[in-house]
Amino acid sequence: MSSQPSDDRAAEPDVKPKSKGRELAVRVVSALVLIAVVLGITMLKDHRPFLVMISIGVALLCIEWGVMMAPNISGRIAVAVAAAAIAALFVGYLGHPLLSILMLCFGSLCAGLYAYRLHVGWVDAAYGALYIGWPAIVIMWLHQSRRGVEWVFFAFLIAWAADSAAFAAGKFFGGPKLWPRYSPNKTWAGFAGGLIAGMLTAGALSDITGLFKHDTSASVVGLLVALATMAGDLWESALKRRFGVKDAGTLIPGHGGLLDRVDGLMFAIVAIGGIRLLVMLGTEI
């Protein structure tokens, strides 16, 4: 009988690596499937499938926002926030970007007033509509603009490169924490790795796409977009701390919620949108 506990203890190290290996496999497979679907739809010249994809994404994000913000009445909050964001998105798709922004602002106020009547945080509801709706409007506008697919790809690839490099560098080098109060796992080494990856990726994409006249300009843009990506990641960590949750949801196996995967991308899209607007206004970069 005395030998049994030692056998159990000896078996434990074999179980944990297998469990971690399965978790990693689930993360990789789910990420690859999601990336393939997103990139495949983005490449289509027809903007309607892209609109549908973004609308579905907005709806899912609003559901997660409602659950985080007011678990007991999450459905009502999700509908109010989604109505504001998706209505503005469709107006933008129809070719009225300025009107869509005004509509989003009005819709966010309506969502806030509705939340106030339900005796939950009206500021959180109003902000949720802006937080989710603004990047949705920008990415739809980008996709419909001249060479829009390339601009959207540019944002996707830089954001993914910066996010992946930040994670890898943080794990490998460790070191001082970036913002331990809200995100204890992120380090300055990861932050630096993300910035470098963003610059290198932008430089490589510039040679392929020709979106920028100078490689230096592309690298600066890559730096800014990578910075926006990591700012978005940190901001979502702060929001989750505010709402007292670890993950935004459980939608994506091995990753958590959809918001956990696109938090940095949302900020990156807004940054690329601002740069694209400067180019359209005649700024040479």
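Heads up, the Cβ atoms here are built off N, Cα and C, so glycines get one too.
Record features, source TrEMBL:
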type	residues	note
TRANSMEM	24-43	transmembrane segment
TRANSMEM	50-67	transmembrane segment
TRANSMEM	73-91	transmembrane segment
TRANSMEM	98-116	transmembrane segment
TRANSMEM	122-142	transmembrane segment
TRANSMEM	149-168	transmembrane segment
TRANSMEM	188-205	transmembrane segment
TRANSMEM	217-235	transmembrane segment
TRANSMEM	264-283	transmembrane segment
Please work out which recorded stretch in 73-91, 98-116, 149-168, 188-205, 264-283 has the most C-beta pairs separated by under 8 angstroms from the transmembrane segment (217-235)?
188-205
Contact between the transmembrane segment (50-67) and the transmembrane segment (98-116) (at least 3 Cβ pairs under 8 Å, separation 6+):
no
Excluding the flanking five residues on each side, which residues at least 6 beyond the ends of the transmembrane segment (149-168) place their CB within less than 8 Å of a CB in that stretch?
35, 38-39, 42-43, 45, 139, 142-143, 186, 190-191, 193-198, 200-202, 205, 209, 211, 222, 225-226, 229-230, 233, 264-265, 268-269, 271-272, 276
